[in-house]
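Features of the protein shown, as given by TrEMBL:
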type     : residues                                      : note
DOMAIN   : 6-209                                         : domain 'Orotidine 5'-phosphate decarboxylase'
BINDING  : Asp12, Lys34, 60-69, Ser117, 170-180, 193-194 : substrate binding site
ACT_SITE : Asp60                                         : active site, for OMPdecase activity
ACT_SITE : Lys62                                         : active site, proton donor
ACT_SITE : Lys62                                         : active site, for OMPdecase activity
ACT_SITE : Asp65                                         : active site, for OMPdecase activity
Amino acid sequence: MIKDTRLILALDVTDRHQALKISQDVKGYVDAIKIGYPLVLATGKDIIGEIAEMVPVIADFKVADIPNTDRLICEQVFSAGANALIVHGFTGSDSLKTCVEVAEVHGADIYVVTEMSHPGALDFMQKVAEDMAQLASNAKVAGVVAPATRPERVQKIRSIIGNDIAIISPGVGVQGGSAADAIKAGADWVIVGRSIYLADDPKKAAMEIAKEIKDAIDQ
Ligand code: C5P
């Protein structure tokens, strides 16, 4: 993924026309668009390729299965045109290795969830987040997902993975996280959904967050 604005749009809308319009509007202001179950279940998997023609697509299916099923899912996602796929780490090294192998064949990237951005992530995920960061680092994935709602956790996960793999960080805006704080804590990209796609002017909202990120880097 080319590091320019360092902003990723989480496009969790369920209307095809709206999804394509917003993608066109924010093109140039986001480095990728993350799409997941809401949009793909509502509109079909061809939407992956349609958006990927405009902006690189990260498919957020949080894949979590045995290696063979993971392989079948990865093949479908990358054949549909996704540039990257988010998978869970808790299924272990064999499942993750399979996802990385399929991604390599397609010239695509894998991102591993370490700790989610919502409060419920403290119930189970945070306890194993650092182990999953290490697992991701060992598997030489493109990056991990770490919570902008807890910049200190972004910092901790950065200290485990070093600088060889990236951190993409959701939770900015509606969930309470700050783009500037996440970037300063060590995130390479922030992921923003509702604060952009629910805005009256999604392009303007994306431009403002991109500026906040740039100002944080320039400080
Ligand atoms: O609308 P909002 O900006 O809160 O969207 C955040 C996006 O990031 C959603 O698509 C959500 O599923 C996703 N996400 C997250 N925490 C993770 C991984 C993904 O919030 N750890």
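Placed from the backbone N, Cα and C atoms, the Cβ positions cover glycine too.
Shown on the structure are the features that TrEMBL records.
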residue: Asp12; record: substrate binding site; DSSP class: coil
residue: Asp60; record: active site, for OMPdecase activity; DSSP class: strand
residue: Asp65; record: active site, for OMPdecase activity; DSSP class: coil
residue: Ser117; record: substrate binding site; DSSP class: coil
residue: Gly173; record: substrate binding site; DSSP class: coil
residue: Gly193; record: substrate binding site; DSSP class: coil
- Averaged over the domain 'Orotidine 5'-phosphate decarboxylase' (6-209), the pLDDT of the predicted model comes to 97
- Item | Contacting binding-site residues for ligand 1, chosen from Asp12, Lys62, Ser117, Gly173, Gly177, Gly193 when the Cβ sits under 6 angstroms of any of its atoms | Asp12, Ser117, Gly173, Gly193
- Query: Asp60 (active site, for OMPdecase activity): which of the binding-site residues Ile66, Ser117, Gly173, Gly177 is the nearest Cα neighbour?
  - Reply: Ser117
- Cα-Cα separation of Gly177 (substrate binding site) and Asp65 (active site, for OMPdecase activity), in Å? 30
- Message: Below 8 Å Cβ to Cβ and six or more residues apart, same chain only. Which residues does that give for Asp65 (active site, for OMPdecase activity)?
- Response: Ile73, Thr91, Ser95
- Fewest neighbouring Cβ atoms within 10 Å among the recorded positions Asp12, Asp60 goes to Asp12
